[in-house]
């Protein structure tokens with residue numbers, strides 16, 4: 001295996017799908033470890049360093065939710081959650097657990113590979129050095145260190161949540177549509193995935209302690225999308 005070959009952990013309990021997707025990834029030049037249950041997924045992840053995980057939601061032995069949580073406890077590696085249920089609530093489960101993207105069965109291997117490439121490209125871009133720090137008083141975003149603090153306390157964000165926050169915070173007051181954020185944050189322009197952004201914003205607000213009814217930083221622009229506002233510094237009282 002070449003040193004720059006990307007390693008993918010594929011977790012899928014349906015053998016036919018697992019073998020077909022693994023073969024497709026290998027033809028595209030990826031190194032793949034394919035497993036059929038949740039416990040095997042956790043074991044493999046702990047033994048090997050993977051660049052990305054494709055994770056089925058419905059798994060034997062250990063559910064996809066628990067696997068996702070276990071991975072997130074130790075890594076911010078990109079995760080694509082796969083679900084057979086075409087309900088918004090079911091799709092959002094994985095995102096709320098920290099997955100970066102979701103895909104509903106049946107899916108095209110070509111679309112899956114496109115999403116994998118986009119997430120890996122984004123991860124590579126985020127790893128490039130930059131000295132930029134966005135300081136908004138109580139909220140400090142250190143881009144080079146991939147670190148966010150709120151009132152001096154570090155906040156643990158997924159890769160997608162961090163990218164979303166940086167995208168919005170770079171230009172306070174600028175309104176982004178959901179589709180623009182899909183393209184900038186997730187790295188692709190498939191229509192119909194704006195709800196993915198809504199889920200990431202919900203998670204981000206919860207982690208930052210930003211009340212959507214009385215926001216400090218993240219504002220909903222109804223019918224359009226979202227914007228970031230930097231609060232005015234509190235004026236010092238004169239003696």
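Keep in mind that glycine also has a Cβ here, set from the backbone N, Cα and C atoms.
Copied over from TrEMBL, here are the features:
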DOMAIN    7-120  domain 'Response regulatory'
MOD_RES   56  4-aspartylphosphate
DNA_BIND  131-230  DNA-binding region
DOMAIN    131-230  domain 'OmpR/PhoB-type'
The residue listed as '4-aspartylphosphate' has its Cβ surrounded, within 10 angstroms, by a count of other Cβ atoms equal to 24
For the DNA-binding region (131-230), the averaged pLDDT of the predicted model is 86
